[in-house]
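Undergrad: Following this message is one structure expressed as structure tokens.
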Amino acid sequence: MCRSLRYCVSHCLYLAMTRLEEVNREVNMHSSVRYLGYLARINLLVAICLGLYVRWEKTANSLILVIFILGLFVLGIASILYYYFSMEAASLSLSNLWFGFLLGLLCFLDNSSFKSDVKEETTKYLLLTSIVLRILCALVERISGYVRHRPTLLTTVEFLELVGFAIASTTMLVEKSLSVILLVMALAMLIIDLRMKSFLAIPNLIIFSVLLFFSSLETPQNPIAFACFFICLVTDPFLDIYFSGLSVTERWKPFLHRGRICRRLSVLFTAMIELTFFILSAFKLRDTHLWYFVIPGFSIFGFFWMICHIIFLLTLWGFHTKLNDCHKVYINHRADNNSLDRIMASKGMRHFCLISEQLVFFSLLATAILGAVSWQPTNGIFLSMFLIVLPLESMAHGLFHELGNCLGGTSVGYAIVIPTNFCSPDGQPTLLPPEHVQELNLRSTGMLNAIQRFFAYHMIETYGCDYSTSGLSFDTLHSKLKAFLELRTVDGPRHDTYVLYYSGHTHGSGEWALAGGDILRLDTLLEWWREKNGSFCSRLIIILDSENSTPWVKEVRKINDQYVAVQGAELAKTVDIEEADPPQLGDFTRDWVEYNCNSTNNICWTEKGRTVRAVYGVSKRWSDYTLHLPTGSDVAKHWMLHFPRVTYPLVHLANWLCGLNLFWVCKACFRCLKRLKMSWFLPTVLDTGQGFKLVKS
């Protein structure tokens, strides 16, 4: 007994000590990374102090000494606020502002007369060491998982250091100072572009780096200090391209959730920047040396640029109009836990973004061509504006590209509920006791409420929810289903997914039992679907809560020309009454809706002994399905709806871009692998891409 007790105590102590060592190891690792960051900061401070001291020593400029002493005084105040008054935000803001300002002074003060001085050389090596330590610290932090990524455009540290650096540039002449201030704005745009993981962010970074040290950009006297400032700011967003796990809507949240007025003003701000760039480009016309090339080139490509950017600004305005509509729905349905991306998907934002992506690409192309035609290597203001416009348009292109790829398609749903106990198994009417009638009505009402909840939660447009105790005739059902299957979105194209729910009496072979002895076969329903769907690649998902849904599940697997899925249920034939209640119609609907509408549900479809089992089947080409991509007619309709007639010639160019398919070989191989998976290894849970899943037990 004592030996057992001693063993238990020693084992528990061993586990506790092992866990304590692991925690201490984690804490020590975290502390080491934090101290590495402090070392990089202190090293940079020493480099700045030494560099400013050398400039004061060699130039005897008393203003440098005053600013240097004032900077140390401000940093001392920041330390006091941090350690004695716990005012961390104010302390860090003050220190970051002055770090940017002092580093800017180190860049802009002339050092041509003492470049070979030992102290100046030491300053350069300290700055290079700061760059290495900063990159190493940022990399180790992310590899160790100590960085919590939050949605933001610019961090407070980045903003204040940029402001401080821009203030320091005012020590130069007005034209040079304006060039540097615009360059700082371009750097801010580049940081945001990288943090948003825009599709063209890396090419923009390369272009910015190549142009950064042009003499026309008024590169400071100390390029090492300038490189230190640039690299230290760009390191975090550049590494986050790989390490950040934020989704598209999470990354863009500071912009998408911004107020309506702020977003409208951002379009006007963009228009002002674009107009300024065009005016600066026109200064190239003063170059009389190559007038025979410049004047025709600027006239042609300038006109093309203006048309493309009118389209660009109208696209941004239309995007914000649709986003405002989504925000209204989001505010009204916030209690239903509907996310903004689900609402945007239901409003057809994906289709809008896919077309807008191509239009914004034309704007980027036009800007690049106009910049090349109007290239002014001696005009720093022009080059700085060029570096502002590129990431700005790249961000718009990246936003439309990512939303077009991540948002789900539009969907519409129709539900039919016919109580099954109004007739006997041979189809003859039968009288029911009053209590059974009440139970039947409650169960049918529960199914209607559940499917309406499902439609509302997943933002599925509801065509109707029909409830009939006497059944539906074939003609009535035919007219209703045809009207449902030909529904279209507000923008014109068909919905991506059509969801049809049926709960009612069925025959043994799966046909729906209708009033008057009529039946509806799956073949008949698919004929109507082919007639309405045509060449359009929409999906039809049929959800059956009936006693004989398995035949349709098996039959749908033979279909080769359409994207059709059937989700059904199997009710247990024999049930031990002592262990579980007999299954009834409506039980599957309740569980399936709960599974798809409640992320914290505890429903296990593979659980043994389930009285209601799920089963689904998909057509052979189901895995080939992709959400509808804009066709030439879609682009033309979008153009006529949103843009003036003068821009219509660009429709043909847009249609040509839509028709490009450069990776068809890779796509064909991938399609074969997905078909093999769906035919041989049908997954237990199949994500439809609309927010809900098909399941099998």
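Including glycine, each Cβ sits where the backbone N, Cα and C put it.
For reference, Swiss-Prot lists these features for the protein:
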- Asn111: N-linked glycosylation site (CARBOHYD)
- Asn337: N-linked glycosylation site (CARBOHYD)
- Asn533: N-linked glycosylation site (CARBOHYD)
- Asn598: N-linked glycosylation site (CARBOHYD)
- 36-56: transmembrane segment (TRANSMEM)
- 63-83: transmembrane segment (TRANSMEM)
- 89-109: transmembrane segment (TRANSMEM)
- 172-192: transmembrane segment (TRANSMEM)
- 199-219: transmembrane segment (TRANSMEM)
- 223-243: transmembrane segment (TRANSMEM)
- 265-285: transmembrane segment (TRANSMEM)
- 293-313: transmembrane segment (TRANSMEM)
- 352-372: transmembrane segment (TRANSMEM)
- 380-400: transmembrane segment (TRANSMEM)
Undergrad: Quick one: of Asn533, Asn598, which of the glycosylation sites has the smallest count of other CB atoms within 10 A?
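TA: Comparing Cβ neighbour counts within 10 Å for the glycosylation sites Asn533, Asn598 gives Asn598.
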Undergrad: In whole Å, note down how far the CA of Asn533 (N-linked glycosylation site) lies from the CA of Asn598 (N-linked glycosylation site).
TA: 32
Undergrad: Counting Cβ pairs under 8 Å to the transmembrane segment (172-192), which of 36-56, 63-83, 223-243, 380-400 comes out on top?
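TA: Per the Cβ under 8 Å count, 380-400.
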Undergrad: May I ask for the residues of the chain that lie six or more residues beyond the transmembrane segment (380-400) and have a Cβ under 8 Å from a Cβ within it?
TA: 175-176, 178-180, 182-183, 185-186, 189-190, 192-193, 196-201, 204, 207-208, 211, 214, 216-218, 252, 255, 270, 273-274, 276-277, 280-281, 283, 312, 316, 319, 353-354, 356-357, 360-361, 363-364, 367-368, 371, 374
Undergrad: In the same chain, who gets a Cβ under 8 Å from the transmembrane segment (63-83) while lying at least 6 residues past its ends?
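TA: The answer is 45, 49, 52-53, 55-56, 90-92, 94-95, 98, 101-102, 105, 109.
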Undergrad: How about long-range neighbours of the transmembrane segment (265-285): same chain, 6 or more residues beyond its ends, C-beta under 8 Å?
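TA: The answer is 255, 258, 294-295, 298, 302, 305-306, 309, 312-313, 316-317, 320, 367, 370-371, 373-376, 379, 381-382, 385-386, 388-389, 392.
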Undergrad: Which state, by DSSP, holds Asn598 (N-linked glycosylation site): helix, strand or coil?
TA: coil
